[in-house]
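The feature N-linked glycosylation site is assigned by Swiss-Prot to 256, 370, 406, 413. Sequence annotations record features per position, and here Swiss-Prot assigns transmembrane segment to 544-564, 617-637, 813-833. What Swiss-Prot lists as intramembrane segment is 592-607. If you look up Swiss-Prot, you'll see 683, 717, 860, 863, 880 marked as phosphoserine. What Swiss-Prot records for 867-877 is region 'Required for interaction with IQSEC1', and it gives similarity to another entry as the kind of evidence.
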């Protein structure tokens, strides 16, 4: 095989020259392959032929070497760089990884590799192999391992081991880490035998093999040879090629074997490739002509596709890339990086395609993201996919294991008894239930859920209502369970599908599925009456302090305007008038007296203005800043005014559990038997403990027998009773007529409803998988929307509030009319006072003039008196009066 590789390497320039010819569109690609990588090299060549187009050709320059030899890697890398390659594909190990990454970062040459992912950031290194750490940790947690041995190959790096040890320290796992990377081939049989004997003494029956295919095959051979470490043992093969190893030897031995697979043979893209791959000639393409492909070979094929796509994108962007005149010595001092290497690195990282290894996408560090790894188990009929792991969904189990033997026949022939409880909207009696029989009498969320579970698990069922109407709690004296939990514990029912909360004490006696609904304890109170805006609610958009500041600002601005107008010489002016034929000048006047200043400021604030304006610069500055001030204030006021006038707010007496615990006026309680009461009884949090102390000693009792009783108590208490219940039920009742309850504050805890089965029931696993599948399909959310909101009776606003919040009533703006009427009345009163005052003054003046006329009745005096009278009379005439 190695001879074939050597011949292909020596003849590669000739072969590729014949295939592609000499073309200006030829792109030189370097290749560093370890000796013995026959299949990887064949996949590389197939990719070159497959993805080359008429636009350009990828021309490879291949070097076959020992990747563990840093000197050989340095020579090969420098040789590739001096040939003017645009990018290099190749492999590395722990001894050569630093050399390659250093050259790439210094010379700006991109290196695409399917080797193990490195920690940290390495510029110009594109890693095709996804990181396995997250999937491995998820699988360990899925199997609930807390003690296991970890056999690792040092050539693959220690990052995965470090992640396992970090999780072990956090979750208190017992991990025995053993390095099998440096085992001498001559003594490997003896070494492995001694190793497994030590594991047997330590009772380590769970083993993780963090090794590549050849090392895994060696270990499996020794396990079979020894014969003691097969049945009852569980092995996890921690690489991405579960089907690459020779598992036939251990398939029927009784051991549990799990692992990971990056190449999904059920995928249509992989199937088409395998059809072509299996037809290739073994002599021309060593390692081909098989029905499978190693995951490293698949990553090699994908790497060629990534490079091709990157150069195609550069062509589309009309970015010219050339190595002419840039091929130099990589050992030059100082090193001269390739100027256009950054463009190629950017193009490679931006590639997103579908390949043999699934979705191929990279982050800014050149590492794979958004990938999916299949979870595999070895069955008697061969490797089988049981689920998958992704960065978003984490581990998802998709294989449903049906009960075997008599359990299957029993499940198919038996009618499963499903216990539940009458609780809206989970289980309700239909209006015409007297005319119906069996399961048709019921409707609700859990009724629909039971039908879906039965359909997925393949059994017939009968719905029964729990006799005592309780969920399930253990009596403190007799230790007997009641409710639905009791029916499961004492064999009266096979499964409970109801709003049954998953708790620790219940989990000790029954099994729960994954939660089908998440919720928490919440507070229900009677909805307070909506407070209508007050008569003077138009003042609410601004706080009381702001209104006071505005008043002081108004007075201050008026005074400042008055003062600057008095001090500024440019504010004084002389009025001229004609007296016969001559023009006369009166004395200097100033329009901005204190009253005119107040009037000017008021007009500006009301956005109206007045008939006078400042003449001086100082006065205009005062006016300008006042206008700016009023612009912002009025705009802010107007923006908030609509909300304050149209929205009828509900003022809740409490907003949280803290508010409840700090007062005694409003009583509060829970269901007398259930998880909510148990939560407060066991809680060590000060607030909840204080609430429990109150509820336990309150008279009359604040506990209720049913949720319906608790809701009725809330509605009849006129706001003096709060009921603590699950948030889902609270939200449902809030949507039911008479729409007089509401949920306040956030949830007090976080928990979930689960489907319960007796301990060890054959239904448990099937039901759990059915719940997961329904959740993935979005059916659980659809059911909740159907029974909570689609059938709601109060609307989104709760009742008939929509029209009330869209139109203003007279009460909203009554204060404005009051001010208008008050202003008009005040104006008339002031006018009357002015008239009376002026009339009295004129009467006195006329009386004085008349007396003077009687004493000295001269014509001049009469004329003067008449002029005086005329002047006073014209106050109410056309002539203006200056203040």
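Glycine is no exception: its Cβ is also placed from the backbone N, Cα and C atoms.
Owing to the predicted nature of the structure, the values given are computational and were not obtained by experimental measurement.
With a 10 A radius on its CB, residue 370 (N-linked glycosylation site) counts 15 other CB atoms from all the protein chains.
Under the DSSP three-state reduction, residue 717 (phosphoserine) is assigned to coil, being neither helix nor strand. Reduced to three states, the DSSP call for residue 256 (N-linked glycosylation site) is strand. The number of other CB atoms found within 10 A of the CB of residue 256 (N-linked glycosylation site), across every protein chain shown, is 17. For the pair residue 256 (N-linked glycosylation site) and residue 370 (N-linked glycosylation site), the Cα-Cα distance reads 29 Å. Mean pLDDT, taken over the region 'Required for interaction with IQSEC1' (867-877), works out to 45 on the 0 to 100 scale.
Residue pair residue 370 (N-linked glycosylation site) / residue 683 (phosphoserine) shows a Cα separation of 41 Å. Taking the Cβ of residue 717 (phosphoserine) as centre and 10 Å as the limit, one finds 15 other Cβ atoms among all the protein chains shown. For residue 683 (phosphoserine), the same-chain residues lying six or more positions away in sequence with a CB closer than 8 A to its CB are 689, 692.
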